[in-house]
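Enquirer: Quick one: structure below, then a few questions.
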Amino acid sequence: MSYLLETLFGGLMSGMMYALIGLGFVLIFKASGVFNFAQGAMVLVAALSMARFSAWLPQWLGFESLILANVLAFIISAILMIIFAIAIERLVLRHLVNQEATTLLMATLGISYFLDGFGQTLFGSAMYTIDVGMPKDPLFVLDQVFEGGILLSLEDLTAAVIAAALVAVLALFFQFTPTGRALRAVADDHQAAQSIGIPLNRIWIIVWAVAGLVALVAGIIWGSKFGVSFTLSTAALRALPVVILGGLTSVPGAIVAGLIIGVGEKLSEAYLGPFLGGGIENWFAYVLALVFLLFRPQGLFGEKIIDRV
């Protein structure tokens, strides 16, 4: 029983990370109606910026405080992601208003390649680490109920709490703020939103900036645990099944789908792995996403879109 609970808790904590990364995809889709292939590259650039500036600033300014280095690096990285958002809107999206979804999709793919190359040019291509002081010690809980207790990773628990808090804030933002409602209106129909006075360009800047900040938090959490390398941009695409399962337009769907996939991966690896061989955790989410594409392509909470001809 304790092993089952350990597996469930581990899956829930992994699921919150998947939900956080998947949320970046949902944000862009809600505002532009197109899947953002650049989200993985945004996570990479944000993590690289945090890793390098937290190492450079103490050398440049002559101080030794890790906390100060991380705070300053976070602020600089956040500003950098906002600058990227403004540049993407001014140089790319502004010229593609009312274009076909395929055109916007290819634009995000081009942005992804640019960010990959820009990150390598600016920060280098080595393997970097991020040390934000997250606890590494194991944590035993429910030791009064189960012999030996349940072993949890305090680092994973901290990351899950941070991810859950950010996801909750963004869900409330989209549901109850005027800007959030404007974002939903823009996603439904660009021309109609413009006709009632919603500034499309400003909305796109806001949503890309928010997606960049989400990418920054995800990159910090991922980098502090696994390190930062150029495989991070493709690793972030592991959240793609979360978007398919939860629905491209649903923030709550990304949360629920992330938890389902996180728990499903851990349980399948623990209980089916001995019979089917190892590595189930690597492909379980994609098989589940394929099933949903066949039988419920809009996902659990997505909207079923009907085009009249």
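Glycine residues also receive a Cβ, built from the backbone N, Cα and C atoms like all the rest.
Unlike curated entries, TrEMBL annotations are predicted automatically.
Remember, it's a predicted structure, so these values are computed and weren't measured experimentally.
Pasting the feature list from TrEMBL:
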type     : residues : note
TRANSMEM : 12-29    : transmembrane segment
TRANSMEM : 41-61    : transmembrane segment
TRANSMEM : 67-92    : transmembrane segment
TRANSMEM : 104-130  : transmembrane segment
TRANSMEM : 150-174  : transmembrane segment
TRANSMEM : 203-222  : transmembrane segment
TRANSMEM : 242-263  : transmembrane segment
TRANSMEM : 275-295  : transmembrane segment
Enquirer: Where else in the chain does the transmembrane segment (41-61) make close Cβ contacts, counting only residues six or more beyond its ends and a cut-off under 8 Å?
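Expert: For the transmembrane segment (41-61), the sequence-distant neighbours (Cβ-Cβ under 8 Å, at least 6 residues beyond its ends) are 21, 24, 69-70, 72-74, 76-77, 80-81, 84, 111-113, 115-116, 118-119, 122-124, 128-131, 211-212, 215-216, 218-220, 222-223, 228, 230, 232-233, 236.
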Enquirer: The transmembrane segment (275-295) and the transmembrane segment (203-222): do they have three or more Cβ pairs under 8 Å, with pairs 6 or more apart in sequence?
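Expert: The transmembrane segment (275-295) and the transmembrane segment (203-222): touching, no.
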Enquirer: Of the listed stretches 12-29, 67-92, 150-174, 242-263, which one has the most C-beta pairs under 8 A with the transmembrane segment (275-295)?
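Expert: The listed stretch sharing the most Cβ pairs with the transmembrane segment (275-295) is 242-263.
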Enquirer: By a Cβ-Cβ criterion of under 8 Å, what residues six or more beyond either terminus of the transmembrane segment (12-29) are in contact with it?
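Expert: Sequence-distant neighbours of the transmembrane segment (12-29): 35-36, 39, 42-43, 108, 152-153, 156-157, 159-160, 163-164, 166-167, 170, 187, 207-208, 210-211, 214-215, 217-218, 221-222, 236, 238-240, 242-243, 246, 248-251, 253-255, 257-263, 265-266.
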